[in-house]
Amino acid sequence: MLHKPVLNTRQARWLNRCRDALRNPLYLIGAAALLFLAYTIVWPVLNLIWSTFVWKTQDARLTPAADPGHLTLYHWSRVLASDMSWSLFYKPVLNALSVGVTVSALSMVFGCGLAWLVTRTDVPLKKTITFLAIIPYLLPSWMLSQAWLTFFKNSKIGGTPGILLSVLHVTPPDWLAYGFVPIVLTLSIHDSVYFFLLVGAALSSMNSQLEEAAEMAGAGRMQVLRRIVFPLMLPSVLSGFILIFTKAVSSYGVPALLGTPVNFYMISTMLYSSMRSRLTTEANVLSLTLMLITMLAIYLNQRLLGGRRSYVTVTGKGSAVTHVPLGKWRLPAAAGTVAGMALIAVVPFIVLLLQTFLLKDGSLSPDNFTLHYWAGGSDPNINTGEKGVLQNPIFLLALKNSLIIAGIASVAAAVIGLLFGYAVARGKNTAMGRLVDQLAFFPYFIPGISLAAIYITMFAKPVLFIPALYGTITIIILITVVKELPFTVKAGGAAMMQIGPELEEAAVLGGASWFTRFRRLLLPLSRKSLLSAFILVFIGAMKEMELIIMLVTPRTETLTTLTFYYVEKGYDQLTNVVLMIIIAIVVAVYALAVKFGKADLTKGWGGQ
Amino acid sequence: MVNAGEKTGTVRDTYAPKGKRTTWSWPGKAAALILGTALLLTACGQGEGGTAGASDASAKPAGTVQSAGDTAEASGSETPEALYEQAKKEGKVIVYSTSGRANDAAETFMKQYPGIKVEVSKVKSDEMMDKVTKEQDAGQFNPDVIITKEVSGAVEEEMVKPGRYVKYLPEDLAEKVDEPYRTQAEGYANYLEFRTIFYNTEHYKSAPVTNWWDLTTPEFKGKVYTADPLSSPAFMDLFTTMVIHSDDMAAAYKEKFGKDIELHGTENAGYEFIQQLFDNGLVVLKGSDDVLDAIGKANSDAVGLAVSGDVSKVEEKGWSILPIYDIKPKTSVPDSGYLFLANKTPHPAGAKLFIRWMMGEKDGQGEGMTPFNEVGSWVPRSDVKTKNEVAFEDLNLWVFDGEKLYFEAPKVRDFWIKQK
């Protein structure tokens, strides 16, 4: 070595760069993230893509030309360019796009407005408002659409007329009762909590001095909003936009209930149909088109952000948040918000809770109240002898499994999201960073069922160092983490982007290792975002069903798979009891997170 | 990683608008592609076996699997006593079921045969096919007993014929079993239900429909509901069966209107019926319950297509409805709840014992049958008394032809989608 001639400067620089890259934890994290994503997402997606170009034995059902095992473009041409395409693909795509865009826009208005109110004004009852904002998300979205029908149902679909019709004798027109309008509204109500949390976290960590400085320099309030606040919020807003767009485009329950009566189909409902009719390849083609749409959306997102992508709002300097005084609007604003949110959040909840105590649904006479559905024994006259939920022998097992899955998955997902977010934020000008960012978004587009089906094959046998996970709880945790990546990585990335690199540089100068930096600096500073990711994933995991139903074995039964049985039997009250238990658990976890997440959380999420 | 060549690892340009640098954002896709191809190559090495979808694997293992099936089927001769002895050693039975009735049967079974634990997983029929196929392809043989509905013949074609689900009928019970479930059908069905027309009993004194073509008349314009056949294949199976038996449909048309059917650009009377149904303002709802809510909750002159088994929920739901059990040319096509052994069942004796239990044992009196013998469903055993007014033999049903349905169903589905 010693005798080695001095390298020329070019080589030296190159070598330095390599060494630098190896030593920089950013690249290690990025590489790990890419490996993880490659195995858990890219590989399943490639499987999907591959399957759409090959004939299967099943395809003899579609055309006699099928030649199993050989390559074909038939599936794509059938979806994109046949006499079926308009009804099967283009119309549903247009519907999906219009729903997606409108829902994102509406949620943005709801979510940002609420976030601003809670974090930047002196409105009272902040904690209550924050809490209420989460409730719609706790309820399954189809339940909100059911509530919509209770009010706006007209005579088209028969049954008990909606309240508007029966009480006020106003017949709501079809467009108000079914299809586009109600789908958009219920989805917006359900999902705007994402906006609220993402933007709320960003707003609360933004230093008011920026605004004050601008005001001192003579900027008007609108100007401050437009030139300072909005650009700073842009990354979070766009993250939220994409997130909700994708969620809306791929939602199934709501469009199925509100869309079918008026023939309003979206790609997701078509996809579900292909799946159920065992036209697996058609389903795969449809889900790939969904993926293409997202990629396009993400691309536009990046275009919009351009180079201005990140603004640092956490700088390490003292950040005093001054609240905008609402003056005489203070009380009306609080009252209006609370009342409005109570109407969409609390009323459906109370109706459901009440229902669990009613022996026969709909009658409020005193002798109709019962605890049977909660804790009653077997009574042949009620639900053909089905016991109350708490008496169900598998209830305890299911409860335990649900808690383990949601608990571990949410912590893991939040931390992984933060790490990947670090790779995205710090590596934002590298191909690696962008790749992590984009790949992490895919899981929303692989239908839960297909992902689960592929996971059975991938994890049924040990591969390399990965043991056979099928049949264990681990695989359910894994798939939950993967499925929530789009959200957690976005949240983690948005949080990381706001933390100035000079803080880390200072720590490096101070001799802190990367791990110390992460633990002492990044983690505490992004705690708010971390906690909101944790809570949302926890809720999602507690509610998840479609994704895990294929991976569940009798020993890994969860609370939601328990309801599957109740729903099928039409035991409404029992279903609602389980739902109430799930909600109670989530609320408890939320309360704990608020308590132990301490000051920062309350500050970010409202309160003093 | 290639263009990570900014001076230090901590990327510095956070404040500076970098403008055109973002043109690099799309090459990310290229990198993904390269990575993808690489992965594809490695992967092709490790396993050709079908990964997505179900399918292609069915060809390969068929041979070996079939023989296993044969032995299982052949050994339908054990006595329940011998099975119990054996089953106690096995300790448990794993059941995959589309129906919650399995849970009820499991409970009584465990009382009757202590020492055997029955674990029931509830899965939809199409998901169960994927799940079992993937499991078996990966060499995992988890379930013992399969309780499933058909999915337009796919269960027969993709699961029963390749030997993934194995037919089992105890010899001593076979003689009591009604055809087609004794020898002709793909397996024994412990119960069957079907899609038929329901009407509101407050509005109609007697069945308002006697012929399927009644639904296309002005009297029922905008007053026919159905659960969405696009999301519940069992509904599509009824329409597909009408297409397969288009001659019957044409005859019924003639009987109703007194003249030969005139096709309006459709292939046959079955398709013509679907088209006329749509032209008459068919309202599609999400599920069977929604249909019955629509016609049964309040006085209504509308009728709806729903599952016969739903009559057992009438009291619970407060519906005033009745199903119609005699429609021309045929009322419907059966939707059977089949019982199968799974291929290479890990607990064969327990599995067989549990199937016997659900079948009601030798005399058909066993408690295990109770959950299946309900109003609206029929048990195809000659020695079991039905709770319905009409006996199974007297039901005027088309035969469920799995193979024909399997190949015809996608076409009918396409036709349905195009009506939108």
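The backbone N, Cα and C atoms fix where each Cβ goes, glycine too.
Among the features that TrEMBL reports, transmembrane segment is placed at A:26-46, A:93-117, A:129-149, A:175-203, A:224-245, A:283-300, A:338-358, A:403-424, A:436-458, A:464-482, A:529-553, A:573-593. Here TrEMBL flags A:93-301, A:399-593 as domain 'ABC transmembrane type-1'.
Contact between the transmembrane segment (A:403-424) and the transmembrane segment (A:436-458) is present: at least three CB pairs lie under 8 Å, with pairs separated by 6 or more positions in sequence. In terms of C-beta pairs under 8 Å, the stretch of A:93-117, A:224-245, A:283-300, A:436-458, A:464-482 lying closest in packing to the transmembrane segment (A:26-46) is A:436-458.
Between the transmembrane segment (A:464-482) and the stretches A:175-203, A:436-458, A:529-553, Cβ pairs under 8 Å are most numerous for A:529-553.
Away from its own ends, the transmembrane segment (A:283-300) comes close to residues 45, 48-49, 51-52, 75-76, 78-79, 89, 93, 96-97, 242, 245-246, 249-250, 267-268, 270-271, 274-275, 437-438, 441-442, 444-447, 450 of its chain (Cβ-Cβ under 8 Å, at least six residues beyond either end). The transmembrane segment (A:224-245) makes no contact with the transmembrane segment (A:129-149): fewer than 3 of their CB pairs lie within 8 A, with pairs spaced 6 or more apart in sequence.
Sequence-distant contacts of the transmembrane segment (A:129-149) (same chain, at least 6 residues past either end, Cβ-Cβ under 8 Å): 114, 117-118, 123, 162, 177, 182-183, 185-187, 189-193, 196, 251, 253-254, 256-258, 334, 337-338, 341-342, 344-349, 351-352, 535-536, 539, 543, 579, 582-583, 586-587, 590, 605-607. Residues 134, 137-138, 140, 193-194, 197-198, 200-201, 252, 402, 405-407, 409-411, 413-415, 417-418, 447-449, 451-453, 455-456, 470-471, 475-476, 479-481, 483-484, 487-488, 491-492, 494-495, 523, 559-561, 563-564, 582, 585-586, 589-590, 593, 597, 601, 604-605 of the same chain sit 6 or more residues outside the transmembrane segment (A:529-553) yet have a Cβ under 8 Å from a Cβ within it. Note on the transmembrane segment (A:93-117): residues 123, 129, 133, 180, 183-185, 187-189, 191-200, 203, 233, 237, 240-242, 244-246, 248-249, 255, 259, 264-268, 289-290, 293, 333, 337 of its chain, located 6 or more positions outside it, place their CB under 8 angstroms from a CB of the stretch.
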